[in-house]
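Taking it in order: structure first as structure tokens, then the write-up.
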Protein chains: 2
Amino acid sequence: MQLKEIGEFGFIERFKPHFNDLLSGDIIGIGDDCAIIPANENEDWIVTTDLLMEDVHFLRQSISPFQLGYKSLAVNLSDIAAMGGTPIGSFLSIAIPKDLDVEYLDRFMEGYHKLSQKYNTALLGGDTTKSLKHLAINVTVIGKCSKGKARKRSDAKIGDVICVTGSLGDSAGGLQLLLDGVRTNTFHDYLLNKHHQPEPQIKEGIFLAKENGVNAMMDISDGISSDLKHILKASKVSAEVDIQSIPISDELRNESVKYNWNAIEKATSGGEDYELLLTVDPKDYDRVSKDFKMQFLKPLIKIGTITEGNPEINWTDKGKIIELSASGFNHFK
Amino acid sequence: MQLKEIGEFGFIERFKPHFNDLLSGDIIGIGDDCAIIPANENEDWIVTTDLLMEDVHFLRQSISPFQLGYKSLAVNLSDIAAMGGTPIGSFLSIAIPKDLDVEYLDRFMEGYHKLSQKYNTALLGGDTTKSLKHLAINVTVIGKCSKGKARKRSDAKIGDVICVTGSLGDSAGGLQLLLDGVRTNTFHDYLLNKHHQPEPQIKEGIFLAKENGVNAMMDISDGISSDLKHILKASKVSAEVDIQSIPISDELRNESVKYNWNAIEKATSGGEDYELLLTVDPKDYDRVSKDFKMQFLKPLIKIGTITEGNPEINWTDKGKIIELSASGFNHFK
């Protein structure tokens with residue numbers, strides 16, 4: 001059987017049950033942005049890992065080594081942010097092809113260090129080895145949360161307001177410029193930068209995890225049409241999302257007009273935005289949203305509501321039900 | 001500049017200093033088998049990660065998927081053993097080429113599960129993605145040690161007895177059979193198995209970390225001629241090792257005669273034995289060695305002595321000084 005027939009999640013479901021009996025009581029394993037391991041009286045530790053492969057996740061000729069180093073750590077810190085955690089340290093494994101020189105690696109480590117410094121995350125270890133062809137980068141990050149306060153995908157409640165922390169689809173717009181071979185200029189910097197050097201919402205995550213009423217949370221890596229479903233499945237609820245409420249930047253809007261892109265599709269299933277997706281108790285939403293805006297000078301954007309029913313997204317356009325065929329990536333297609 | 005000019009450790013030295021100021025007080029980062037992070041009053045947590053690349057670390061046509069799954073975890077558990085730790089959980093990232101089917105992955109996970117079960121190590125998370133060509137496998141393991149009891153490379157003392165927990169060079173012998181295209185039969189199973197399905201010395205490590213007098217410890221992944229130097233550098237001491245005392249199995253001895261291999265070279269610089277290398281206070285050696293034999297029905301084998309001087313190994317043959325040119329792998333040659 002080919003892997004594409006069952007996909008990443010189908011594969012995980014095949015072996016996950018066999019490992020369940022090895023799980024000791026309080027540890028939460030496979031199935032969220034991070035695993036949660038009780039560490040001491042006051043803290044749970046959270047752990048995440050991500051593997052980036054050349055020509056699958058990035059093209060070496062498109063992304064600078066500095067950006068690649070930055071992004072390799074950023075996508076992991078984003079998982080820490082998704083739980084509302086504070087990073088403790090990271091581990092970097094890197095398989096290096098022969099044609100990659102030390103100067104490239106120095107720039108890569110500069111980018112990695114830049115983001116490490118920003119969130120005070122030490123590089124604690126790793127592995128360096130040879131690769132015959134493609135550059136492979138695996139990062140593991142350990143973080144911490146106040147005991148029992150890590151925000152999980154499974155905690156969405158019926159009636160919750162569904163929110164995101166920023167505009168969606170920008171990264172996908174940047175990627176599209178690269179894929180289409182557009183001769184980019186400084187007007188494109190915003191979208192390209194969102195794609196090459198995403199910013200993990202660490203401070204936003206920590207802030208939101210302290211707020212009562214913030215229930216489920218995750219980061220947006222595959223696009224909300226795919227990611228929100230993870231929350232719905234884990235929480236056994238349904239959702240209604242109005243496409244008019246999805247935040248789209250002026251930059252994405254302009255380029256979409258220019259190049260005839262479907263901005264809504266980019267925003268819902270483009271992926272790699274690394275904004276946070278969360279559900280908030282409706283009675284707390286106004287307060288949390290106001291506090292969030294005061295703290296971060298940007299709104300907590302409401303895009304829909306958690307409802308009762310099957311774990312699927314019911315899309316509307318100004319309240320009218322619509323169909324949306326696009327779905328998140330399946331890496332194995 | 002090409003990476004092979006400076007090697008893995010030269011590369012690490014380039015960026016390590018920049019990350020030092022991000023290290024908070026009690027965490028021990030880059031430079032040992034595992035990082036050490038204080039978790040609570042009684043425990044330190046230890047973390048290690050290893051990246052295995054197809055055609056660099058393994059040949060898919062030589063190793064069965066079960067063995068590959070087993071080995072991917074084993075090499076990491078061996079680092080936990082090296083500190084005297086007990087594994088808590090593992091994280092598996094895997095980049096899968098298109099020509100690899102679900103049945104292969106099932107067998108891989110069976111091998112991974114077999115070893116997970118043996119040492120009660122839950123699989124807590126990971127990442128599954130596509131690879132354009134080579135299978136890439138990264139495993140991270142978190143373990144725990146009694147506070148302050150993790151055995152480090154930097155704790156060897158002058159006069160210490162240098163010991164290993166088992167025969168050396170067997171894995172290199174198994175690899176040589178494969179590289180030479182020998183038509184293997186059941187007589188070769190011992191060496192091949194040592195190469196394909198190494199056993200992490202978890203119980204031995206836990207036992208030894210409880211013993212007073214066991215000072216420095218590490219696992220043997222690159223061969224003692226390379227690995228022992230890490231202890232010497234970290235502890236700022238020298239060593240004398242007599243090649244006659246290096247444990248060589250009958251199987252390696254027999255095949256070495258048959259195929260004209262240098263068994264001593266295989267044993268000192270072959271790598272991937274995953275036995276433990278440790279230094280023991282001479283006043284404790286007899287007791288520790290006796291207890292170890294009672295517990296594990298195998299001896300703790302004395303191979304040399306820690307001495308004062310430069311961090312280098314002075315090899316002897318029945319007490320007479322000799323030169324040994326072979327050194328551990330440099331992955332970038």
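Here the Cβ of each residue, glycine as well, is placed from N, Cα and C on the backbone.
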Item to check | Residue in B:Asp219, B:Asp222, B:Asp227 which TrEMBL records at the Mg(2+) 3 site where B:Asp33, B:Asp79 also bind | outcome: B:Asp219
Checklist outcome for this item: Cβ neighbour count (10 Å, all chains) around B:Thr48 (Mg(2+) 4 binding site) is 29
Checklist entry - If you count Cβ atoms within 10 Å of the Cβ of B:Asp33 (Mg(2+) 3 binding site), leaving out that atom itself, what do you get? => result 26
Next on the checklist: Would you identify which of the binding-site residues B:Asp50, B:Asp79, B:Asp127, B:Asp222 has the most other C-beta atoms lying within 10 angstroms of its C-beta?
Outcome noted: B:Asp79
Item to check | Sparsest-packed of the listed binding-site residues (B:Thr49, B:Ser221) - C-beta count within 10 angstroms | outcome: B:Ser221
Next on the checklist: Please report the Cα separation of B:Thr49 (Mg(2+) 1 binding site) and B:Ser221 (ATP binding site) in Å, rounded to an integer.
Outcome noted: 13
Item to check | B:Gly126 (ATP binding site): nearby binding-site residues from B:Asp50, B:His57, B:Asp222, Cα cut-off 10 Å | outcome: none
Checklist entry - Mean pLDDT over the domain 'PurM-like C-terminal' (B:157-310): what is the value? => result 95
Item to check | Which binding-site residues sit within 10 Å of B:Asp33 (Mg(2+) 3 binding site) - Cα, from B:Thr48, B:His57, B:Asp127, B:Asp222, B:Glu272 | outcome: B:Thr48
